Structure formats: structure tokens, C-alpha cells
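Chemist: Residues or ranges marked as domain 'STAS' by TrEMBL: 520-715. The annotation transmembrane segment is assigned in TrEMBL to 77-98, 104-120, 127-145, 171-200, 253-270, 282-302, 339-358, 370-387, 407-427, 464-492.
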Amino acid sequence: MIEPIGNQYVVARPVYSANAFGEEHKKKHRHHKTLLDHLKKWFRCSAQKAKRIALSLFPIASWLPAYRIKEWLLSDIVSGISTGLVAVLQGLAFALLVTIPPSYGLYAAFFPVIIYFFLGTSRHISVGPFPVLSMMVGAVVVRLTPTADTADSTATNSSVANDLSLDEHKVMVAATVTILSGIIQLLMGVLQLGFVVIYLSESLISGFTTAAAVHVLVSQLKFILQLTVPAHADPFSIFKVLISIFSQIEKTNIADLVTSLIILLVVFVVKEINQRYKAKLPVPIPIELIMTVIATGVSYGFDFKNRFNVAVVGKMKSGFQAPITPNVQTFQDTIGDCFGIAIVGFAVAFSVASVYSLKYDYPIDGNQELIALGVGNIFGGSFRGFAASTALSRSGVQESTGGKTQIAGLLSAVIVLIVILAIGFLLEPLQKSVLAALALGNLKGMLMQFTEIRRLWRKDKYDCLIWVMTFIFAVVLGLGLGLAASVAFQLLTIVFRTQFPKCSTLANVGRSNIYKNRKDYSEMYEPDGVKIFRCPSPIYFANISFFKQKLIDAVGFSPLRILHKRNKALKKIRKLQKKGLLQVTQKGYICTVDGFKDSDEELDNDNIEELDQPINTTDLPFQIDWNADLPVNIVVPKINLHSLILDFSAVSFLDISSMRGLKTILQEFIRIQVDVYIVGTDDDFIEKLARCEFFDDEVKDSIFFLTIHDAVLHILMKKDYSTSKFNPSQEKEAKLDFTINTNGGLRNRECQVPTETKF
């Protein structure tokens, strides 16, 4: 029963052990579903299930009929046009990161958007090229064309099958990687594996994208300076590229450099204006489009290509080409890279989609997102595109310009289509350095994530360490190996967190049923002879030794050492008693010898197996008080502990190896007459111990109690304590006082009755 008294409450109930609670409150029989039950449910057919599957596979069927034409159409048109213009420029720019001709970036900005319109669940993200994925695909392309000179678009590679040109070979590799990545995403979606994104923490993604931004920055320097830089795809490649750039810095094309710096300066200033006055501007200033038009016109009008020898976009093929047949050998060579590309692409898209879904209150489905991205990449790769996800800046444009649904995305694809079919030739005079500068202009947000370090350090040092190490791995080892190393390191931090948990000793606060770390509060109460130890993590094979050492530190002695000492002392006492040299009176021991010492042979017979056994004094005519003075020179450490409570409320699981170690620990304490109690475990925990034959004559299932306070009250009643052990200062300042009823209930001191015994 619970009695509210103002802002306090009084609880009156019996002291419950796990067994007592189970006897009084019978559990219902629950049928746990087997694998067969799940399979039956999975393959069961019904009209409702068919409708639900259809709506989940084609989310457009759920939101398109409810489309508000008058309210949303104009906003979607404005957003679609703005986003489409940005998508064209980013497609051209990010194609440079893949080391393929810029025109192929338009295919990556078109096909995935069309597919996502029908299959995607987010209404606001803009699907298409993303610099991190472009870098990862580009690294694979470079690795599979090691003799290629990426700065020379006319070079050929004699090792390429069927005498394909170098650019065609690169496009084929990029497309094949994209198709395989899409297949992996599609399979993961069909198999409902969307949960894998949880293994990429926010800190890891932030550190990885920041490192990718650094890679993008370094990779664009050769276009800005127009230098011939050999391609590198192995670890430490970023340093090799920098060495190559600075070793030939005197060959810089000044026209490209000046143009890039002007573009960067204007883009940064206008983007800052857009950010600062976004509440007052009806739509963000489309600075990328404006600068592209101006740069293209200036380059064409002043004939920059011939006068200053600048590198330009060059021939833009109109229309679409026939689908390709993927190269099976490339599949085999890039399977590991494709897994990384598939997971990173999904993680980034899902993260951005989650932000907008929370902001506008609509659901998204991770598994359906995998299917949409997978099918989009398969189609995009088949038509010579490269891997797509979503760019944060492009999605921001689509949302900030008023986009309400994926109608805006469809219209952005129409803008890209117009460029592909009709006006692409107008971009042929555009300098590649301008595209590189525009790509760098979109990196500001990614590079600004360096500020995350300070925030993470204040909040969680492990997360900060993950960010820093992810950044270092991705920069030094490259994006592919860096991602794998980062995930491994992140999992390793989880192992460290659980392997070295912050165990603590608890005490009672305010003489209530609240128990906290005794180091955190000044007014604490610990019953004499009782120690409460809390483990805040799972117990498994890797941390059972650490748990045992922390427990020994908390109680102040090793139970195994005490057991060995007592067994040795018992052996001596038996010898004295058998020889008639030892008598026991009411005043203590009377020994007729002044000293006693084992012979060397007898000491050698004290093997560990004998010393580990429980202390057995049944053959003696008297009981031994191990905390009293023992006869002659027999010395055994004294302990003031009679009860140990283990708080396992935060222990989520226990494996077989640690189970044996835990049982050994419990046995060691029990054998030195220290009662051990375990509190806070759920029923499944106890049932698992029973299945594994954890309990025996020494370790019994009666040691489990529901709460710490139940165990403490049980100990106090068992030891028949009649007075509190508070010191005078604590007694004077204590505001709350609870008592133990003879029936185990709790009452406030103001309500106590004469038959009660004080806590």
C-alpha cells in the first residue's frame, strides 16, 4: 500500500526476496514465439497485408493522393527549379572527384531522383551526388587504373579490355561499383537490415565527413592550380598528393588560380549572407548558378582555353547512352569498397532524412530507404552514373526554398534532363577550376564540424575520442580503410566502457529507501557489517576479473586470502586440540604451550585444493570466533563484514564464462561466513542462471531480492539489530526516519507504533 503525505509517500509492504515475491504473485504463462511462428506470420497472406506491403514499397501511393495542389504546388515548383540548378552544378563538380568527365555527373543527378520519387519515404531530401561517396568511388577508380594520368583526358591504357579509352574505362569502373553498391543496399533493404546504421554513431559520421571534406579539398587543388598530379589510392595518399602539388607549385596556371579564388570569395560571402538573413530572404541567393553563368560567359568571350591554356569541361554529350553490362571482375575486386559505399551512402541519407522527418512530423522507413537508394544506384550505374546519396547543402536548398514533397525532387530532375538533352553544350567553355571552386564552396559546413571536438569533449570524452580517431584514420588511411578502422575503433571503445566499468559502493541517503554512491553525498548511512556494491555494466568474460578486483577493493580484503588463512589456522587448532594442548573456557582459549609451529613437511602439505574448501568445524567441541584473539601465535585477519549486497540492476547480461567466475566469487565470500545477496535482476536473468546449473548447496536461489532496501531490511531483521548505527551528527541532521514493522512494512517516524523496531 502507498500512502501519499504531501510531497512524500509511505510504503507498507513485506520485505520481498525474489522467491517470496514469486510465491505471492504468480507469473502468467507466456508463449514465446518460435522461428516457425515467425515464418508462419511472415508468409501469411491477407488483403490488408498485401495493401500494407504495397504502400510500404511505393510510399508515393500514400502521400500523392493527399497532395494539396493549391497550397504546395507553387512552393514545390520554386524549390524544384532552385534545387535542379544546384544539382546540375554539383553533378559536374563531383564528377571530378570520381576522376571521370564532368558530363557523367548529370546522370548521377537524374536517375536516382526519379527512382526516389516513387520509392523514397522522405519528402525533403535531394538525392544525387555526394562528395564523400564521389571520393570513395574515385579512390576505387584510381586503384583499378594505376597507370592512368588523370590530368590527361586523351591518354589511353593498353591494359583495358576491348581497347576502351581511358575515360571510358573509368566510367565503366565507376558505374560497376555503383551498381554493386546499389545491389548491396537493395539486398539489405529486402532483408530488413536497415538497423546497421546504428553502428555508425553521430560522432563517427561527423568525423568521417570532415575527413572526407579534407580529402575533397586536397583533391581539388590540382584543378584549381591546373597541375599534373599522379593518382594515389593507397594509405597516406593524401600526403603523397600534397608532396606532388608543392613540388611543382611553380607550374601553377595563374588564370585558373585567380578565377578560383574570386569564385571562392564571392561564394563564401554570399552564403554567409544567405545564412544570416535567411529569415528575411524569400529564397536563398542562387550564387552557384550566378557565378557559373558569369564564369562560362567570361571564359567563352575571352577564349580562356586558348589564351591562358585553362582546362575546361569540354565536349558535353547530348542525350543518353545505352545501358552498360557490369564487369564481373570489377565486382570481385571491389566488393569490400562497395560495402563501405553502400553503408555510408545510406547512413548519410538516413541521417538527413531523420532530421526533416522530426521537423515536419512524418515517418520514414530505414529499410524502404535502403530499397529506394539501392534501386536508384542500380539504375544510375546502368546508365553510366556514379553512387548517389544526398548532399546536405542541396537538401538544404530544397527545404529552405519551400519544398513540401518529392514533387520538388521530380522537377529538379526535369531541370537536369533539360541540360542533358538540350543546353549542356553551353557549359563546354566552363573552366574545371570553377567547378572545383564551387565544390569547395559547399564544404564549409563539413569543415566547420571541427567545432564538434570542443562540444563532445565537454559531453563525453569517448565520443570525442571516436571523432578524433575517425578523422585521423580517414585522412591517413583513406576513406575506405579509414571507415573500417573507425568502426572497429568505435566498437573497441564500447568494449573498454564495459570492460572497465565505474563500479561504486552505495550507502543509504537520508535513512530512506534511496541508495547512492557514498562518495557523492556527505550524509550517508551504512549498516554495520553491510557493504553494497554496484556494477553498472554487463558482466562477461573480458571484465569478470576487473569486477572481482573492484569488489575486493570495495570490501577491503580478498575473501580467498582470508579463507586460506582460516583453513591454515583451523589445521593448527585441530592439532593443538587433538594433543590436548588447547582448552576453551568462557573467558577464552587456554593453551598449555607457549608456541606452535608446523614442520616444513607439514607446511608443504597445505595444497591449494585443501585451502579452497569451506571451513568445517563440526569435528571440534567448540565454535571459533574468527574476529576474536586466537591461541598462541595463530593470526588470522579480522573482518567486520557479515553481509554483501551486489546491485545488478544495470547488469543486462551474463555470459557462461563470467557465470563461472561469479559463482567462484560468491563461494569465496560464503565460505568465510559473509552472506551475499544479489538485487535488481529481472526474472530472465535468474532463469538463465537456473538453466546453467548455477545454484547448489552453497550458492542458493534465495540470495535474490527485488531491491537494495529489501535486502538491507532482511539483513537487519536477520541480525536482530535493535538500534540505529547513526553517528550523533547524522542523528541530529536526519530529516527522514523509517522503521521496520514486524510484518516488514515501512512507515515514517511520525507514524510509528510501539510494536515497531527502529531501523
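Any Cβ shown, glycine's included, is placed from N, Cα and C.
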Chemist: Per the 3+ Cβ pairs under 8 Å rule, pairs at least 6 apart in sequence, do the transmembrane segment (127-145) and the transmembrane segment (339-358) touch?
Modeler: yes
Chemist: Do any residues, 6 or more residues outside the transmembrane segment (77-98), come within under 8 Å Cβ-to-Cβ of it, and if so which ones?
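Modeler: For the transmembrane segment (77-98), the nonlocal Cβ contacts are 104-109, 113, 126, 128-131, 134-135, 137-138, 141, 170, 174, 216, 219-220, 223, 283-284, 286, 288-289, 292, 313, 386, 391, 393-394, 397-399, 401-404, 407-416, 419, 427, 430, 432, 435-436, 438-439, 442.
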Chemist: Any contact between the transmembrane segment (407-427) and the transmembrane segment (339-358), i.e. 3 or more CB pairs below 8 Å with pairs at least 6 residues apart?
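Modeler: Touching, no - the transmembrane segment (407-427) and the transmembrane segment (339-358) miss the threshold of 3 or more Cβ pairs under 8 Å.
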Chemist: So if I exclude everything within five residues of the ends of the transmembrane segment (171-200), which remaining residues of that chain have a CB under 8 angstroms from its CBs? That is, six or more out.
Modeler: 98, 100-101, 104, 108, 137-138, 140-141, 144-145, 164, 324, 326-327, 330-331, 334-335, 337-339, 341-347, 350-351, 365-388, 487, 490-491
Chemist: Summarise the model's confidence over the domain 'STAS' (520-715) as a mean pLDDT value.
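Modeler: In the predicted model, the domain 'STAS' (520-715) has a mean pLDDT of 85.
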Chemist: At a Cβ cut-off of 8 Å, and with pairs 6 or more apart in sequence only, do we get at least 3 pairs between the transmembrane segment (370-387) and the transmembrane segment (339-358), yes or no?
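Modeler: Yes, the stretches contact each other.
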Chemist: Under 8 Å between C-beta atoms and at least six residues away from its ends: which parts of the chain pack against the transmembrane segment (282-302)?
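Modeler: Distant contacts of the transmembrane segment (282-302): 78, 82, 85-86, 89, 259, 263, 266-267, 270-271, 273-274, 310, 312, 397, 400-402, 426-427, 429-431, 434, 438, 441.
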Chemist: Do any residues, 6 or more residues outside the transmembrane segment (339-358), come within under 8 Å Cβ-to-Cβ of it, and if so which ones?
Modeler: 121-125, 127, 130, 132-133, 136-137, 177, 181-182, 184-185, 188, 194, 196-197, 200, 202, 205, 208-209, 364, 366, 369-370, 373-374, 377, 387-390, 392, 395, 399, 479-480, 483-484
